[in-house]
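Beneath this line is the structure, given in structure tokens, with notes to follow.
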Amino acid sequence: MTTITRRSFLKGAGMTAGAFAISSVAPMPVFANERSGSAVLTAGRWGAMLVEVKDGKIVSSTNALPQTVENSLQSSAPDQAHTQARVKYPMVRKGYLANPSKPQGTRGDDEFVRVTWEQVYQLIHKQQMRIRKQYGAESVFAGSYGWRSSGILHKAQTLLQRYMSMAGGYSGHLGDYSTGAAQVIMPHVVGSIEVYEQQTTYPMIMEHSDVVVLWGLNPINTLKISWLSTDGAGLEFFHQLQKSNKTIIAIDPMRSETIEFFGDKVQWLAPHPGTDVAMLLGVAHSLVVKKQHDVEFLSKYTSGYDKFEAYLLGQSDGVEKTPQWAESICGVPAKQLELLGDIFSQNRTMIMSGWGIQRQQYGEQKHWMLVTLAAMLGQIGLPGGGFGFSYHYSNGGNPTRNAGVLPAISAEISGSSSAGNDWAVSGAVNAFPVARIVEALENPGGKYQHNGHERTFPEVKMIWWAGGANFTHHQDTNRLIKAWQKPELIVISEPYWTAAAKHADIVLPITTSFERNDLTMTGDYSNQHLVPMKQVIEPQFEARSDLDVFADMAELLKAGGRDVYMEGKSEMEWLAGFYKDAQKIGRANRVAMPNFSYFWKQNQLIEMKWNEENAKFVRYKDFRENPILNPLGTPSGKIEIFSKTIESFGYKDCPPHPTWLPPTEWVGNAKDGELQLMTSHAAHRLHSQLNYAKLRELYAVANREPIWIHPDDAKARGIADGDLVRAFNDRGQVLVGALITDGIKQGSVCIHEGAWPDFDKPHGICKNGGCNVLTADIPSSRLANGCAGNSSLVKIEKWQGEALPLTAFTPPQGA
Ligand SMILES: Nc1nc2c(c(=O)[nH]1)N[C@H]1C(S)=C(S)[C@@H](COP(=O)(O)OP(=O)(O)OC[C@H]3O[C@@H](n4cnc5c(=O)[nH]c(N)nc54)[C@H](O)[C@@H]3O)O[C@H]1N2
Ligand SMILES: Nc1nc2c(c(=O)[nH]1)N[C@H]1C(S)=C(S)[C@@H](COP(=O)(O)OP(=O)(O)OC[C@H]3O[C@@H](n4cnc5c(=O)[nH]c(N)nc54)[C@H](O)[C@@H]3O)O[C@H]1N2
Ligand SMILES: [Mo]
């Protein structure tokens, strides 16, 4: 870790303003169209790709857009289509098939039996109707959270909910795992969710920022993907930032891939995980003591600062949040915190923040405190200054193009009455915060608090999951497995034998995106390209698309149901319709697009038009220019540093101003050799996706998920690099491979999220290092009920037993 000196900062700061032209982050010309040859153009979360097929098999895939930073995920198509982990046929758990109304055996222990599609449709239909009749629509959970594949038609979760609406309604979910805490608190603070919004653009950062702070930000990993399909601009931006003379500061307990990427261009400070609020309070205190805070900005644009300052200075609770106080909690020297205050206040500073910091107990406080610090610096709404919470995700700083934008299929049946039917549809009849699913299963009909309201959990009797990997994404896997035994029927629609599939009653084989036709935009904010996603191979084995499955199931609801579900259209007719809608929008934006059949034959993507005005977008500019005419959507119309609304909820775990709250499990109360567990997102996966792929060779240690361990912590436990390690706590145990590195703060370890749980029954140990076997399933707070997967302590020891064979990617018995 570097120690920051005044000199090392001043080298860069202040030298760069104006040195970059606005178009410097305008992307390079598209070359997919010149280069495609025999390859077929398609797209995934990780961008537009050229895919080569030989004898009906995918043999290669590569980037279709020019790029300077490599995106490892783009090579994975052959593995995705042809892995041994594919589900080949509709399968039913033996004990379930024997007596569906009163199943025998245990989910996860039983073998599977192959059935026909017709049999499986009838089985699901009959049992679902029984459950609906007996317990009501609420008892059917179709929240089905997850990252499925790209595409505007083959949207697994939406398609499931579309069918469930026709079947009479369902229980759904609120929020997401990604930003559960931030997206609920930010509207109270700045009047918008902030995490999924266009940021002050990348070109404006290049042109105006002197200092860029990467606060818990790992964009070199996280910008490999995007919710739609990545446009690649984010990685290019960070590439340019690396080449610039700006001062770059990274605050991260790990020397992330991004910090490695910046090399000696970055100043790295490593706090203990989960202590950012204390660290930020230390910086804020220094600002006040040195009178470096912007009093005018605070009085004009914020409300409640005085109450926060009383807390900061210890007037309200007797504890002064000095840099020394902060150092004792976060482990970063007080002098460095003071220096951060100097640098931030004397230079045009953009504080970019990731989301791992809020996937924690009391996660709400993190971004609230970051906004508060940015408000004290007074640069919000200035070009290149303030804060931004989505620079690392879906290319949040790529300017919006003039574009023809594709719509997508929706969960509601449109035009149903004009189609001449009288189908009674019903959407979600209940919904609970997505990361509270186990609590819901454990406590059916139970009351709980959420964002100021008392709500009631449904009594879930049936679960249908399509397009999500809940056994890897949810915390405390052993607790999940116990609660998972309670429903009467669990159906999983999956291309692969994931842990969730192995713990289901019924598993349906689903096509990958390479086995069906679709369309997508790239760039969630930019709308930069419109890309055809052409089918490149036949459906493998008996796989069917989610669209076909739910259309078939709709026919069983009532004769004619398939037609209602499909609105009388085929796959290609849907796509042609969506394209036509995009053309209409394009025309209004003066973007010419060829007709659909020509476009589809071309095997080319369409690049949308650069908009110079949009490239100059500065977030909060209007508010800054006139806060009376352009107030924020908060009760005061200003940035709320103290929230009377939150005060009125009376939550102990979410006080009315940013507050340091020591977590239940953290470095500060670790005992008997416990270490803080970090569960950051992996470089060569999207969550659990691609865990089986060859990319695995780039990171696996002893053929397991690696655990990052600091040399001092390894030495104290006699662990050597490459050793098999047992990581454990009261909740469970996993086998991992030791990666010993000074790239992690002493006292913490990291097991990246997304390894498929793979239990060895006699030992009850997860052989594949699934991090959530160890994490606590607790809410961020009762305000947001967000995922808190980064708030757990673990112990580690050298594994003394045999190297248990990995079976994570092996289909279960009978399959
Ligand atoms: N401890 C800890 N836990 C975490 C996190 C963390 O940081 N730490 N991060 C959280 C976050 S931010 C998120 S977003 C979640 C991610 O959780 P998920 O989004 O559930 O993770 P994925 O692995 O992307 O799951 C997608 C699944 O959909 C399947 N799939 C792909 N395409 C299709 C399709 O066309 N049809 C169907 N039916 N299935 C398809 C894939 O095979 C895969 O199993 O994890 C959360 N969990
Ligand atoms: N390649 C790849 N890209 C992805 C994903 C993926 O799985 N793989 N997932 C996608 C999804 S769904 C999401 S939500 C986003 C996730 O984006 P994020 O939530 O931002 O990602 P994380 O990896 O959880 O955390 C980012 C950085 O924060 C650091 N960090 C963790 N805890 C702390 C802390 O307490 N303090 C500080 N200062 N830093 C901390 C981590 O070390 C990491 O470098 O990424 C998206 N992009
Ligand atoms: Mo996420």
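Every residue gets a Cβ built from N, Cα and C, even glycine.
What TrEMBL says about this protein:
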BINDING   Trp147, Arg359, His473, Arg516, Asp546, Asn772  Mo-bis(molybdopterin guanine dinucleotide) binding site
DOMAIN    42-82  domain 'Molybdopterin oxidoreductase N-terminal'
DOMAIN    86-555  domain 'Molybdopterin oxidoreductase'
DOMAIN    675-787  domain 'Molybdopterin dinucleotide-binding'
For the domain 'Molybdopterin oxidoreductase N-terminal' (42-82), sequence-distant contacts whose Cβ falls under 8 Å of one of its Cβ atoms, 6 or more beyond its ends: 27-32, 35-36, 147, 149-150, 220, 224-232, 235-236, 238-239, 261, 495, 512-515, 520, 522, 529, 531-534, 536-538, 540, 605, 683-686, 690, 692-695, 698
Within the domain 'Molybdopterin dinucleotide-binding' (675-787), count helix residues (DSSP H, G, I), strand residues (E, B) and coil residues, in that order. 14 helix, 37 strand, 62 coil
Could you measure the widest C-alpha to C-alpha distance across Trp147, Arg359, His473, Arg516, Asp546, Asn772, the residues recorded as binding Mo-bis(molybdopterin guanine dinucleotide), and give it to a whole number of angstrom? 35
May I ask you to report the DSSP-based helix, strand or coil state of His473 (Mo-bis(molybdopterin guanine dinucleotide) binding site)? helix
Cβ neighbour count (within 10 Å, all chains shown) around Arg516 (Mo-bis(molybdopterin guanine dinucleotide) binding site): 24
Please count the residues of the domain 'Molybdopterin oxidoreductase N-terminal' (42-82) that DSSP assigns to helix (H, G, I), strand (E, B) and coil. 10 helix, 18 strand, 13 coil
Just jot down the residues in the same chain as Trp147 (Mo-bis(molybdopterin guanine dinucleotide) binding site), at least 6 apart in sequence, with C-beta under 8 A of its C-beta; none if empty. Arg45, Gly467, Gly468, Ala469, Leu686, His687, Gln689
Over the domain 'Molybdopterin oxidoreductase N-terminal' (42-82), what is the model's average pLDDT? 96
Taking the Cβ of Arg359 (Mo-bis(molybdopterin guanine dinucleotide) binding site) as centre, how many other Cβ atoms lie within 10 Å? 29
Ranked by how many other Cβ atoms lie within 10 Å of their Cβ, the binding-site residues His473, Asp546, Asn772 are led by Asn772
Under a three-state DSSP reduction, the secondary structure at Arg359 (Mo-bis(molybdopterin guanine dinucleotide) binding site) is coil
